[in-house]
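Report on one structure; see the data block that follows.
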Amino acid sequence: MGFQDDDDDVKPWKARLLLVFGGFFGAHRLYLRQIPEAFVFFSTFGVFLLGVLYDSFYLNSEVSRVNLSKEDDSPLLKEKFKNGKLLAAQSKFVSFSFSRLIFSILYGCWIGFLAWLACSVTLGWTKFDHLLFVVIISAAISAGIYVVGQCGGQSRELLYIWLTASSVSFLLVKVLGLDTLRMILLTSIAATLIGNRTARFRGFRQRHSYKKFFFWGSLFALLICIIMMGCTRKIMDRKVTATHPGKSRAISSIGSLLHDRFFDKKHVYSFFKNDPFIEYQAYTTTDSHRKKSLSDEEQSVSSKRPLISSKWWRVWSSDFWDELTSAATSRRIDWVEKAAVVIVDVLRAETRVRDGRLNAEPLKWAAYRMFLIHKFDLPPFVQDDRVTRECQFWLKTHKNRQKIEKDGRDFAAIATRSACLTRIYANARASVQDQAITRNVKKTPDDRLQYP
């Protein structure tokens, strides 16, 4: 059952109501029987909110256009072109649209990027060593371009798009050796150009059904679930160790710290209090934890379980998933490690602000630290002392170039200087705070540091 009958006119107030409460997921486009457009909204959260903003201004004109298209697809129009087959055939060709071309390329890149993200974080495929990896990425790009090609009452040939994407991606990867992002962009451009050569108009009666939306939506939801599952294993399950020299040592996972950030802030505060020494441990499989936690007698008893029981145990305890994604578990992925570090740094910065050790926004402090790690080519899990030393060395070598940087608009150097000063100021402020606590005296305004 659909939102409306095909012959009924679209009501503007119903479309406006669906836009308000379900515009992010394309509910108003479903009501207009614009199935491809609805899926684009669903897969991009309302075209990253810009589509919802656009439809809030132009929804009434879109409703009028849909109602007018129903009238144009009447028997009178067919009678008009009954004796003019050539004119009717020419009317099916689509004129060139630059905005549609750009959006098709961007959406193809978006779906291809999500497919690469799922393969990298779940299966550990960071480079195109597997032919299957290239096939999956090209198929995802083809699907994205095909869906955009169906918007606006038009159609594209999926076969031509897929053949172009497969051949171009294989050529770019195996022959030219391009990286992932460039391959996705160039493949999207080539597939879009070839797909536009097969563009045709469709009548109102040839529109897509709701079944296609639910089918496309199910595939996209599966893709998002795979990405979330991989991120959970690689980021949220990563262990963080906070060591206070000569005092205590605490171990927790990033997922637990994020949960406590919203429901038990005292635990997060006590975990990062007084700037402990932070260490990161990679995710270890459930099977290894289970074997270490069981005694020899318990392991012998568990090995005598029936085969069907052990299979179900492997699935539900994630041992089967660990074997399937063993490459992703063992292989280091740079962006995954950096994402884990940023999350921990934000939590650390919030604790420092609460202790009075930091006078900056936590997210800004974490972003500056990650920028310095990338700038100085440091490993993601580097300690704060190493970052501070690199900052001091950089400021020393660029001591007399501050005016030149501003006059020449060297934004990279300006950002590096600002990040380094923030780091050194934060460390000096924490050092003064520690000295005040050690002396057990109240810190005076003279002890406070001024921003350099």
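Keep in mind that glycine also has a Cβ here, set from the backbone N, Cα and C atoms.
Taken from TrEMBL as is:
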DOMAIN    11-57  domain 'TM2'
TRANSMEM  15-32  transmembrane segment
TRANSMEM  38-59  transmembrane segment
TRANSMEM  101-125  transmembrane segment
TRANSMEM  131-149  transmembrane segment
TRANSMEM  158-177  transmembrane segment
TRANSMEM  213-230  transmembrane segment
Which range wins on Cβ pairs under 8 Å with the transmembrane segment (101-125): 15-32, 38-59, 131-149, 213-230?
131-149
Hey, which bits of the same chain come close to the transmembrane segment (213-230), Cβ under 8 Å, at least six residues off its ends?
30, 35, 38-39, 42-43, 114-115, 117-118, 121-122, 147, 321, 325, 328
Which sequence positions outside the transmembrane segment (38-59), separated from its termini by at least 6 residues, show Cβ-Cβ distances below 8 Å to it?
12, 15-16, 19, 23-30, 107, 110-111, 147-148, 151, 213, 216-217, 220
Roughly where does the domain 'TM2' (11-57) sit in mean pLDDT, to the nearest integer?
92
